[in-house]
Amino acid sequence: MDTKTSGEKVLHESPPTQQDDQTTHDVWNRANDQNRPRNWSIPKKWIVTAILSGFAFVQPLSETMLAPVRAPLSSDLSITRSYQWMLVNSLILIGVGCGPLLIAPVSEIFGRRVAVLCGTAVFIIWNTCCGFATNLGQMLAFRLLSGFGACTADAVAGGVIGDIWAPHQRGRAFAVFMVAPLLGPGVGPIAGAYISDAISWRWTFWITSIVSSALLVLAVIFLEETFEPRLAKLHSLQPSTSEDTLEQGSTSHPTSQIEQLSLWAHIQRPARMLATQPIIQLIAVYMALLYGTMFLFLYMYSTLWTKRYGQSARISSLNYVSAAIGFIAGVLVAGHLNDKVYSVLRARSANNKGRPEFRVPVMLIGTLLIPAGLIEWGWTGETHQHWILPNIGCVIYTAGCYICSSCVSVYTIDAYTTYAASAVSTNLVLRSTFSAFFPMFAPYMFDAVGYGYGATILAGVFGVVGCTTVVVLWRWGERIRSKSTYCAAVDHE
């Protein structure tokens, strides 16, 4: 079969027929369903989720640990200008943004396990090299290359969670998955400050590599393949000739089609989805603004304490505990409400079927918390109020960030389950680009208008974009999805 034709065929699927669904059911029934990830035991599913969460923790940890070590690192590498330091911090995010465009399609060809193991190895190699850098050029090159591996967990998490968890379980599962990575921005600066003072800034890189290596060993032992077409091939099953999934939440493609597709056809999928899917475009802009604002906030957070409150680097880093508290609060809220609201709205629906849009009400809560937290933080810091007040603003803000991120990610998995890895990777491109460049203009904006007005501007922009996104998804999301060949076959449980 012609590769291009085959690629086009799978990239523009038609909904499966009932007969196709039954055939695929029979395939897994003949295997006694033991090899089907959706039927794994709950403990086994949590082990897989926890391992991925551990990998995802290392990414933001490696991104934020450098915040308090600017002085010694700049001295050793002869960094004399602000933009050079910004590049040291930001280039890893370019790799994080571009890496999923390759890793996500690879996970849909060779399986999730191969993608995780290989991507993590890439990160360990180049992140370790960062600790040996002797000049700025080496550091920038190694940081960029390490980003291509650091993104692995984020690139495949959507696919894995869609593989093993049913729709009504995904809210809580994703909440647990996000606990560790969202603690990274809070733990990173604290760990970086103490490691640098006690040993050397170079050990901030080497310790993250050691942690990643330990996780890699656990993954080799405990992380099993979750992608159904790959499992079908490994167990010599012959899946049905259906071109899509047997049910909502299943991530199976016919093995013959997977083999016939070229790697290039798979790599094109995320770009096609970003170019042709209005839902993904809207979500990508929303997530890009969310993460760009969050990294800008985290960058300016330490300067508030050192410049306006006169705290040392070590003491100021302790204020990041409030960011961790906010993320944990967001986990408790989103993890419970996401599945609860989804189940209630599904029960009230005419056909007792769920829809991705049932994630939107909880998303609205986070969208409103973010501007509130920014304004609280900015104006209490601007007027030099008691230190607890800016920290309260940080808790509110980071809780909102987690709630929004969780809801959007689960919405994407629900809507594009078959291609969840590719769909989520499209968000990572813009998200990481904004995260890389937003902090570059942060000092200039806040120096010009102050913390109060700077935070208000960010709150206003996000409030408008965020509320618009919520309204569009709630009112027209289902209609837009119904016209998509990527998710038209979705039938929610």
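Cβ from N, Cα, C; glycine included.
Taken from TrEMBL, the feature compositional bias 'Basic and acidic residues' applies to 1-12 (among others).
Per TrEMBL, the feature region 'Disordered' maps to 1-36.
Per TrEMBL, compositional bias 'Basic and acidic residues' is recorded for 22-36 (among others).
Taken from TrEMBL, the feature transmembrane segment covers 46-62 (among others).
The domain 'Major facilitator superfamily (MFS) profile' feature in TrEMBL is assigned to 48-478.
Per TrEMBL, transmembrane segment is recorded for 82-102 (among others). Sequence-remote contacts of a segment are chain residues at least 6 beyond its ends whose Cβ falls under 8 Å from one of its Cβ atoms, and for the transmembrane segment (82-102) they are 59, 62-63, 66-67, 70, 73-74, 119, 136, 139-140, 143-152, 154-155, 267, 270-271, 295, 299, 424-425, 428-433, 435-437, 439-440, 443.
Annotated transmembrane segment per TrEMBL: 114-134 (among others), in sequence order.
With a cut-off of 8 Å between Cβ atoms, the residues of this chain six or more beyond the transmembrane segment (140-161) that come close are 48-49, 52-53, 55-56, 58-59, 62-63, 87-88, 91-100, 102-104, 107-108, 112, 115-116, 119-127, 129-130, 133, 170, 173-174, 177, 181, 226-227, 251, 409, 412-413, 420-421, 423-425, 428, 432. Residues or ranges marked as transmembrane segment by TrEMBL: 140-161 (among others).
With a threshold of 8 Å between CB atoms, the same-chain residues lying at least 6 positions outside the transmembrane segment (173-195) that come near it are 45-46, 49-50, 52-54, 56-69, 153-154, 157, 161, 165, 201, 203-204, 207, 294, 298, 302, 313-314, 317-318, 320-325, 327-328, 330-331, 334-335, 338, 398, 401-402, 405-406, 409-410, 413. The transmembrane segment annotation in TrEMBL covers 173-195 (among others).
What TrEMBL lists as transmembrane segment is 201-223 (among others).
Under the heading transmembrane segment, TrEMBL lists 279-300 (among others). Panel annotation: around the transmembrane segment (279-300), residues 64, 67, 89, 93, 185, 273, 320, 323, 370, 374, 377, 397-398, 401, 404-405, 408, 411-412, 415-416, 423, 426-427, 429-439, 442-443, 446, 451, 454, 458, 461-462, 465-466, 469, 472-473, 477, 480-481, 484 of the same chain, lying at least six beyond its termini, place a Cβ under 8 Å from a Cβ of the stretch.
Among the features that TrEMBL reports, transmembrane segment is placed at 320-337 (among others). For the transmembrane segment (320-337), the list of distant contacts is 171-172, 175-176, 178-179, 182-183, 185-190, 298, 301-302, 362, 365-366, 373, 391-392, 394-403, 406-407: same-chain residues at least six beyond its ends, Cβ to Cβ under 8 Å.
Annotated transmembrane segment per TrEMBL: 358-375 (among others), in sequence order. Same-chain residues lying 6 or more positions outside the transmembrane segment (358-375) and placing a CB less than 8 Å from one of its CB atoms are 171, 290, 293, 297, 326, 330, 333-334, 337-338, 341-342, 345-346, 393-405, 407-408, 410-411, 414, 455-456, 458-460, 462-463, 466-467, 469-470, 473-474, 477.
If you look up TrEMBL, you'll see 395-416 (among others) marked as transmembrane segment.
Note on the transmembrane segment (428-446): residues 82-83, 86, 89-91, 93-94, 96-98, 100-101, 147, 151, 154-155, 270, 274, 284-285, 287-296, 299-300, 303, 454, 457 of its chain, located 6 or more positions outside it, place their CB under 8 angstroms from a CB of the stretch. The transmembrane segment feature in TrEMBL is assigned to 428-446 (among others).
What TrEMBL lists as transmembrane segment is 452-474 (among others).
Across the domain 'Major facilitator superfamily (MFS) profile' (48-478), the model assigns an average pLDDT of 84.
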